[in-house]
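Trainee: Heads up, here are the entries from TrEMBL:
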| type | residues | note |
| --- | --- | --- |
| DOMAIN | A:5-187 | domain 'Tr-type G' |
| BINDING | A:D17, A:H18, A:G19, A:K20, A:S21, A:T22, A:N134, A:K135, A:I136, A:D137 | GTP binding site |
Amino acid sequence: MTELDKIRNFSIVAHIDHGKSTLADRLIQETGTVEDRDMKEQLLDSMDIERERGITIKANTVRIDYKAENGETYVLNLIDTPGHVDFAYEVSRSMRAVEGSLLVVDSTQGVEAQTLANVYQAIDADHEIVPVLNKIDLPASDCDRVAEQIEDVIGIDATDAIQVSAKTGQGIRETLEAIVHKLPAPSGDRDAPLKAMLVDSWYDAYLGVIVLVRIMDGTLKKGMRVKFMSNGTLHHVDRIGVFRPAMQAVDVLGPGEIGFLTASIKQVRDTRVGDTITNDRNGTELALPGYKPAQPVVFCGLFPVDSAEFEDLRDAIDKLALNDASFSYEMETSAALGFGFRCGFLGLLHLEVIRDRIEREYNIELITTAPSVVYHVYMKGKEGIEGEMIELHNPADMPDMSKVDHIEEPRIKATILVPDEYLGDVLKLCQDRRGIQEDLTYAGSRAMVVYDLPLNEVVFDFYDRLKSVTKGYASFDYQMTGYREDNLVKMSVLVNDEPVDALSMMVHRDRAEMRGRAMCEKLKDLIPRHMFKIPIQAAIGGKVIARETLSALRKDVTAKCYGGDATRKRKLLDKQKAGKKKMRQFGKVDIPQEAFISALKMDS
Amino acid sequence: MDDWRNGGFGLYVHWPFCQAKCPYCDFNSHVTARIDQTKWAEAYRRELLRAAPQLSGRVLNTIFFGGGTPSLMHPDTVATVIDAAREIWPFSNDIEISLEANPTSVEAGRFVGYRDAGVNRISMGVQALNDEDLRRLGRMHSVSEARAAFDVARNCFDRVSFDLIYARQGQTIETWKAELNDALSMAIDHLSLYQLTIEAGTAFGDRYERGTLRDLPSDDNAADMYLATQEICEAHGLPAYEVSNHARPGAESRHNLIYWRYGDYLGVGPGAHGRLTLGGDRYATETYLQPGAWMEAVISGSGEAQRTLLSKDDASAEFLMMGMRLVEGLDMGRYRNISGKDLPADRIAHLVDLGMVETRDDRLIATDDGRAVLNAILRELLVE
Ligand SMILES: Nc1nc2c(ncn2[C@@H]2O[C@H](COP(=O)(O)OP(=O)(O)O)[C@@H](O)[C@H]2O)c(=O)[nH]1
Ligand SMILES: C[S@@+](CC[C@H](N)C(=O)[O-])C[C@H]1O[C@@H](n2cnc3c(N)ncnc32)[C@H](O)[C@@H]1O
Ligand code: SF4
Ligand SMILES: [Mg+2]
């Protein structure tokens, strides 16, 4: 157990590629935590553990012993988080497990959107923040300008910012000294009942579920029985230890310390980030504040391309879910796509990662339907009784509009940093997406805009569009803010007069015609011609708001076909058979699977 | 009775050499400086003798010399092949022996020789009736040269057909109609009219990929040209009997009918395919593709590279793909026999509703509109 005043717990916040991993490597190396011969690059990122943790990786941690200039030895615990917005909740938990942050900014680049989003999390967690200007070895480095930017944009004092090159090692000692002298020691009562925060957890093939904890009060020892307060489950602790960064067993963890426990837990699902762990008897009454179960915000349908693979898909999803509590799923049947699953994710990245894993690791080709957010549909009340609220995860389930009182949609606060010359395009894009401007300031030659936007307008292709209109120079981050009522309607799509459930979507009434027209035009290009003409319509309720006609196929014949061509032709047909498997039939019309996703990408 | 007898038995002889490679062509054709005609004649003869034992007792209905450019064959080479065949199989009384010829003056000079060897039908690759387009198609002849060669041919042979390629770059429905009328005034009793197909791996294919093959008619214009072609030829007494082939009734290419009626054919020469019914089973055969490799294989015993037993599904699919090309349509009773099951009645009903096919006397027949989209019909009928 370490004395409280000899412990410093911190995280590193940075925009991607500003040097967080490299700096962590240098800190580990400088303090001799890892022998030089075992040192490899991006040490925290390349741990075996990380690979096994797969996508639910939220925190890496390392315990560093540092002998300071004052002769005292300190224990420094670094928690490293990927910092993607999809995992904002997990990141905020990790932040609450430490007292301070190093704010790493690339001195050749300056502050970016992710820097901001992450630093606000640190400020929210009451961190002491030490600015670090990295990459000073590069000629383009401009520390004065970037320090000024940190003060202007973030509003923290950067006069004592440390100038570092994580590459050459310059400034690393100063950084370690700053951690010891500028960051506060943790507080806690070793004689109180155990109160530990569950920071993260992941599955290990040998040890079962490994739980990363921060001790707030009391002590954690091997052999103890502990209680997880969110669900009251009891566990026998069979191992405790710390990461250096390899696992190392210890006898006891006291207040302020960060380490792990294992307790023969089978599923990550049974451990919840943010939960409070205490003694099974005479434990603390007061759980740590702020625990909330993960809430999926983006939903989509996943269907096997080959409907015979449905059971394989079920298997794959079951397995992935065991290790990822933030991912929800239920069976879905679609007239168009057959049997599949409606799945909920923390965000688009999370969606993509899970989808890719199913396709790659389980070798199942998937049709992904358009992502949708969760709408709050308020039903009309009866005789003074207030109508109920329905959480709508799938536009296909939208109740009859005549029974609906109003609909609310989730909104976000988006922060975008962009060079001046692209500002006009960015404002137009946000405006087109029903955004409400909240702030516009300048940081040097770059503008920072803050928009209140409907999440629905962002989930599909906002980021792609932003990158394309700014040639990749904009940085973007967002945070969920809450629900707001708007004039929302369900738009259905009819192909050859048959509704295609997988293409229906919620849209703002004012944008319905535009979306409907774009959708019909897109589909006209995506659906191959058939032997008859096909009307393609968008409708709200029974009212058609847009219409296109796909004309009939008139020429598709092999001009020459003689003796030798029989084989060739038969092979061609076999290929077409395979191709047809990837189509879905609606009445008499075959729709290729790409249509479901491509149709929803807006080019405007 | 073996099913192939409904189609007949023919011999296909592939000659793999050309004077130059045309930019649209993906046939097995090669350009070489010297060809040892005697060696090739002998190789064909050996191949026929090799195949003979398994095909004994058959009567030969047709022989077809295709290419490449068979009009580069020496008449003696042609004679060797025909004589060898005659020694193996009795010829039917009306045996048809065709040869594909390129219409240059040099080749026209060999026509008499071919006739004396036994050839009784010539199919000439005229391709276009305007010099500018012939150049674009990479052809070695001019229109006047083609006309002259055609006149030589009709003086030597009772049956002469020629090929045109249409839906070419820059062609409109009007210019095509004019060219077609021109062609019909020249034609005797048979015409092959192919819409230009852009084949992957050819010079046209590469230019198409790069977007530099300009002014090709749109699919809709090509469809209009196709329908106009059906009407005009019909009005001139040369109705279509197959997707791209037109003839005065009775003047059809009997060899090609064997393919479309799914008869048996022996294929010899590099890259030649065959369909042979042996012991009640249908086999697909293929020879070595490269002339050199084929020649070596023949010398060491057999030019055949592959023989595949066709399943009921494969054979019935081939029968359907070939048979539906014909205006006479497909005998559904035969389909049942080959496949062991019926064509899907609901799909046929749907196609009838759309005006794509008709059924008559247990035959399934594509309409004019239907033949223009035959691939879509086949997909509908064959893909579950
Ligand atoms: N020249 C120079 N390059 C650096 C420095 N620190 C990091 N880099 C490079 O910047 C890139 C991104 O660094 P990384 O540590 O992966 O950034 P992260 O995304 O914040 O973890 C890598 O190519 C590093 O080698 C530095 O101080 N100087
Ligand atoms: C096997 S080729 C050989 C005939 C001969 N060598 C000639 O070129 O005249 C037979 C016919 O196929 C047609 N043909 C070849 N390639 C074609 C293509 N890409 N598109 C349409 N027709 C084609 C031509 O009309 C040609 O006359
Ligand atoms: S079109 Fe005829 S001449 Fe031209 S390359 Fe092909 S086979 Fe030879
Ligand atoms: Mg990194």
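The backbone N, Cα and C atoms fix where each Cβ goes, glycine too.
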Trainee: Far apart in sequence but close in space: which same-chain residues, 6 or more away, have a Cβ under 8 Å from A:G19 (GTP binding site)?
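Mentor: Set apart from A:G19 (GTP binding site) by at least 6 residues yet with Cβ under 8 Å, we have A:V104, A:D106, A:N134, A:K135, A:A166.
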Trainee: Given the binding-site residues A:S21, A:N134, which one has the fewest other C-beta atoms within 10 angstroms of its C-beta?
Mentor: A:S21
Trainee: Given A:D17, A:G19, A:S21, A:N134, A:I136 as the binding-site residues, which ones have a Cβ positioned under 6 Å from some atom of ligand 4?
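Mentor: The ones that qualify, in sequence order, are A:S21.
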Trainee: According to DSSP, folded down to helix, strand and coil, what is A:S21 (GTP binding site)?
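Mentor: A:S21 (GTP binding site) sits in a helix per DSSP.
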Trainee: Those binding-site residues, A:D17, A:S21, A:I136: which ones have a Cβ sitting under 6 Å from ligand 1?
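Mentor: Once distances to ligand 1 are taken from each Cβ, A:D17, A:S21 fall under 6 Å.
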Trainee: For the domain 'Tr-type G' (A:5-187), what is the mean per-residue pLDDT, to the nearest integer?
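Mentor: Taking every residue of the domain 'Tr-type G' (A:5-187) together, the mean pLDDT is 85.
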Trainee: Which one, from the binding-site residues A:D17, A:I136, has the smallest tally of other C-beta atoms lying within 10 Å of its C-beta?
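Mentor: Selected from the binding-site residues A:D17, A:I136 on minimum Cβ neighbours within 10 Å: A:D17.
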Trainee: Over the residue list A:D17, A:H18, A:G19, A:K20, A:S21, A:T22, A:N134, A:K135, A:I136, A:D137, recorded for GTP, what is the maximum interresidue Cα distance in Å?
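Mentor: Maximum Cα-Cα distance: 17 Å.
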Trainee: Tell me the coarse DSSP state (helix, strand, coil) of A:I136 (GTP binding site).
Mentor: coil
